[in-house]
Amino acid sequence: MIELFFEYIFPLIIIALKVVAITIPLILCVAYLTYAERRVIGLMQLRCGPNVVGPFGLLQPIADAVKLLFKEPIIPTNADKILFVLAPMITFILSLIGWAVIPFAKGVVLADINVGVLYILAISSLSVYGIIIAGWASNSKYAFLGAIRSSAQMISYEVSMGLVIITVLLTTGTLNLSQIVEAQRTMPWWIDLMLMPMGVVFFISVLAETNRLPFDLPEAESELVAGYNVEYSSMGFALFFLGEYANMILVSAMTTTFFLGGYLPPFNISWLDCIPGFFWFVFKVGFLLFCFLWIRATLPRYRYDQLMRLGWKVFLPLTLFWVVLVSSVLIYTDHLPNV
């Protein structure tokens, strides 16, 4: 009986504890990211932002959560009730599942699988289903139009994102995210320089992937009221909101892992190794999240045809050319990894 416990049940308990250890801090980070966004944008616009609830407004996310929790959930009369309720749950759960393969520090990862990149791409592609289901189930033209926009936008930028990731795989020779980070420890500086433009393209693509300004066409307030979540209230609206911000943190972690060295110190400076890798990971993710907020505060929304043109006529040819360029340079210099 004891052998059975240690062989089958104990590993499941450890996995459950790891999931809780990642999920609870992540939800807290998502809650306080909304607070940080309002404060940062407020300061950029010479306003105070939320500063009443608690010291410096730090209890504002808790007040917002309590308010949304006690709101009445309203389901439209002609909506598909089951799908209407399921859609925000799908979006939120998928935004959390992606964290399973992200390495926070050396050896600190929930599932260190050898196909981590494919797993991340699969999860990010599935997240659009929650939005499409919400738009269709709401039985509203605004919600449906927002859902169609979101699916078209995601398809357009998933292609260039995939090609950018191929350039990373060519230089590191692995699909394991922990090994990708470790490969950057010994990577020559000129390869880092060659990947830098792709890092910029990847970051712009994930802005479109997460429906953030200047690519927030699926929920354009001035055109579609609120897009795919126009009919949602209470916790349904809150789950969409949490899912969007959790995705922001996830794609920032992906960008950090692929292009900024993950948990490694900046520029591989050896004397900075004394600082824990988790600190560097959080610092880099925090910087990218600040860029998200900065872009939202300063840039206007793209027109929809401009958004599509950027994805198909600029990013797709550029990333295709860069894949050929990187592979040619690696073969010529004999730096192609032995897989």
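Positions of Cβ are set from backbone N, Cα and C atoms, glycine also.
Per Swiss-Prot, the feature transmembrane segment maps to 9-29, 82-102, 115-135, 161-181, 187-207, 235-255, 275-295, 311-331; the stated evidence is sequence analysis.
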Chain residues outside the transmembrane segment (235-255) and at least six past its termini with a C-beta under 8 angstroms from it: 26-27, 29-31, 33-34, 65, 68-69, 71, 73, 84-85, 87-89, 91-92, 94-96, 98-99, 102, 120, 124, 127, 130, 134, 199, 202-203, 206, 209-212, 228-229, 281, 285, 288-289, 292
Distant-in-sequence neighbours of the transmembrane segment (9-29), which means Cβ under 8 A and at least six residues beyond its ends: 96, 99, 110, 242, 246, 249
Positions on the same chain near the transmembrane segment (311-331), where near means CB under 8 A and six or more residues out: 153, 156-157, 159-160, 163-164, 166-167, 170-171, 191, 194-195, 197-198, 201, 204-205, 208
